[in-house]
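Colleague: Pasting a structure here, questions to come.
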Amino acid sequence: MSQQPGSARRVNFPEEPMTLGEKFSHRMDQLKEIIADGGCSRAAKCVSITVCLVLLVLIFGGAIVYLVMSLTSSAQKMSADSMDISPQAIRHPKFWPPTDKIRFDDLNGIPMTSLFPQNVSTCSGFGFACTGAVHMVIPSSKRCDGRRDCEDGSDEENCKECQSVFSCKLRPEEESKKKGRSTVQPTLICLTAQHLCDNVENCPDGSDEAVCKSSCSKDQFKCPGSNACLPLSAKCDGINDCADASDEKNCSKCQNNAHKCGKQCIKASHVCDGVAQCADGSDEQQCDCQRCSGTDKALCDDGTCIMRTQVCDGKKDCTDGMDEEDCPGSCTIESFSPKLKMVTCSDGKQYTEAEACSGSFESCDHDCPNSKCHPKLAFTCPASKEARKMCISRRKVCDGTPDCDDGADEINCTPIKECGIAKNTQFKCDHKCLDSSRRCDGVWDCEDKSDEKGCDKCPSGTIKCAADKKCLPAFTRCNGVADCSDGSDELKCSCQECLGVHSNTYMCNESNRCLKRDEVCSPYSMCPNATYTDKAFCAALFLKKSGTSPF
């Protein structure tokens with residue numbers, strides 16, 4: 001069938017449904033034909049610019065409406081889920097976050113300072129805030145010292161006074177014009193000795209290269225192999241201005257606020273910086289907020305400056321352990337409970353005396369006070385000339401590997417071939433032979449703990465798992481690990497059971513649950529009915545470990 005010119009139509013088969021644009025175009029074609037039939041034939045022959053513009057406006061407007069609706073929906077969902085932290089970015093945090101300005105907008109605005117012990121200060125308001133990242137604060141001792149500590153170098157800008165060995169004017173021509181007419185201090189460029197006489201002009205007037213002389217004045221000295229004349233005040237200031245460090249040798253006293261440590265001078269920027277340079281830690285004592293300032297520092301009330309990662313890390317760094325008091329996950333032990341005895345083991349961390357003498361922590365093998373190893377849980381290795389008595393786990397006894405210096409843990413072991421299984425006096429496990437009395441006694445003698453399984457009854461002073469017929473050592477109660485299949489050994493924990501026995505545990509704020517401190521956040525709080533404090537603690541650690549916090 002022939003078609004008349006001008007009456008051609010677009011054919012859309014059922015399997016090709018028209019889009020919104022096609023439908024609109026089709027309707028406009030129909031409109032043009034109606035107009036053409038009415039006498040305006042030219043309208044049917046030309047493409048209406050107005051129609052195209054209207055179509056574009058409608059499409060663009062529809063896209064904007066869709067985008068706005070999507071963003072609004074996402075925002076509402078984010079608001080509704082604002083208390084949740086994505087479980088996909090799982091971390092295993094072990095250290096305290098290094099800042100007091102982490103934003104807790106989703107946690108009712110709990111500030112970092114509220115999670116710090118009462119006798120530890122973050123010294124906010126002191127130090128220098130980097131211009132490009134105001135959350136980054138450096139101590140005043142690092143301001144204008146010739147070294148860039150801020151990423152944008154702002155700590156070395158607009159300097160009116162330098163703490164470096166050399167300085168020059170930023171704009172000597174302008175300063176000379178102002179001479180005698182202005183009391184404004186000139187802006188300085190601060191340089192270290194390494195930038196002097198290096199054939200690179202760092203100063204506009206080249207004065208950093210003009211200090212190269214064959215001889216120096218009486219109030220100056222010269223480093224071996226260098227022509228730079230340095231002021232005598234640069235000696236014994238804790239800064240190696242000479243390549244061979246000869247300017248810091250044989251110091252009877254220190255200059256420029258450096259700290260004397262034996263015959264060594266600790267430079268001012270390393271005094272009260274949270275890291276002990278002296279063996280006695282004296283460079284981190286008697287500090288104040290002016291010196292112990294910075295994003296990653298904390299000041300104890302006794303004047304000790306520490307890193308913020310040391311706060312609430314289980315190790316006492318300040319007098320009387322004030323940096324470990326009232327931390328999130330702590331609780332008040334009943335007043336009638338005896339004072340908990342703590343032991344510092346070889347890893348530098350604090351453990352309860354019971355833990356240190358149980359043989360369960362290898363870092364404490366040599367640190368049990370008076371070598372009084374637990375009579376049931378541990379095996380006591382005899383003392384030797386090189387070492388005192390050791391407390392090792394009973395699981396290491398007769399395992400084929402000597403752990404005691406004299407091999408006492410591998411003596412008098414019944415060979416596996418001679419194990420009297422038939423007489424029911426002995427049993428095998430982990431390729432060793434044990435007396436039957438070792439079964440179901442609440443002490444793990446086998447590496448796989450099979451000697452404490454399938455028990456109908458357990459002796460007093462141990463824990464019985466009714467669900468799976470296991471006997472557990474008493475110290476496993478409320479240690480943050482569910483050893484019973486039904487978790488009954490971790491239910492209804494008291495403060496004494498949680499913190500009075502274990503060292504690395506976290507008491508949930510408002511529930512009788514005790515968790516391992518380094519496992520309480522995964523990354524959200526694992527505490528049942530977690531409080532804002534529990535959530536804030538985990539949020540801070542998550543942001544620190546994931547690197548998403550701008551602080």
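Cβ coordinates are placed from backbone N, Cα and C, and glycine is handled just like the others.
Annotations per Swiss-Prot:
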- Cys144-Cys159: disulfide bond (DISULFID)
- Cys162-Cys190: disulfide bond (DISULFID)
- Cys168-Cys203: disulfide bond (DISULFID)
- Cys216-Cys229: disulfide bond (DISULFID)
- Cys223-Cys242: disulfide bond (DISULFID)
- Cys254-Cys265: disulfide bond (DISULFID)
- Cys272-Cys287: disulfide bond (DISULFID)
- Cys300-Cys318: disulfide bond (DISULFID)
- Cys429-Cys446: disulfide bond (DISULFID)
- Cys440-Cys455: disulfide bond (DISULFID)
- Cys458-Cys471: disulfide bond (DISULFID)
- Cys465-Cys484: disulfide bond (DISULFID)
- 215-252: domain 'LDL-receptor class A 3' (DOMAIN)
- 457-494: domain 'LDL-receptor class A 8' (DOMAIN)
- 1-48: topological domain 'Cytoplasmic' (TOPO_DOM)
Colleague: Counting only residues 6+ apart in the same chain, whose Cβ is under 8 Å from the Cβ of Cys318 (disulfide bond)?
Modeller: Asn119, Val120, Cys300, Asp301, Asp302, Thr304, Ile306
Colleague: For the topological domain 'Cytoplasmic' (1-48), what's the model's average pLDDT?
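Modeller: Over the topological domain 'Cytoplasmic' (1-48), the predicted model scores a mean pLDDT of 43.
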Colleague: Measure from the Cα of Cys159 (disulfide bond) to the Cα of every one of the disulfide-bonded residues Cys216, Cys229, Cys446, Cys484, then give the nearest.
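Modeller: In terms of Cα distance, Cys159 (disulfide bond) lies closest to Cys229.
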Colleague: Report, in whole Å, the straight Cα-to-Cα distance of Cys254 (disulfide bond) from Cys471 (disulfide bond).
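Modeller: Distance (Cα to Cα, whole Å): 63 Å.
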Colleague: Would you kindly list the residues that approach the domain 'LDL-receptor class A 3' (215-252) from elsewhere in its chain, counting only those six or more residues past its ends and only Cβ-Cβ distances under 8 Å?
Modeller: 165-166, 192-193, 196-197, 258-260, 263-268, 270
Colleague: Tell me, in order along the sequence, which disulfide-bonded residues from Cys265, Cys440, Cys446 have their CA within 10 Å of Cys168 (disulfide bond).
Modeller: none
Colleague: If you count Cβ atoms within 10 Å of the Cβ of Cys190 (disulfide bond), leaving out that atom itself, what do you get?
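Modeller: The Cβ of Cys190 (disulfide bond) has 23 Cβ neighbours within 10 Å.
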Colleague: Of Cys190, Cys203, Cys272, Cys484, which disulfide-bonded residues are close to Cys254 (disulfide bond), meaning a Cα within 10 Å of its Cα?
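Modeller: Within 10 Å of Cys254 (disulfide bond): none of them.
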Colleague: Could you count the residues of the domain 'LDL-receptor class A 8' (457-494) that DSSP puts in helix, in strand and in coil?
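Modeller: Counting residues per DSSP class in the domain 'LDL-receptor class A 8' (457-494), I get 6 helix, 6 strand, 26 coil.
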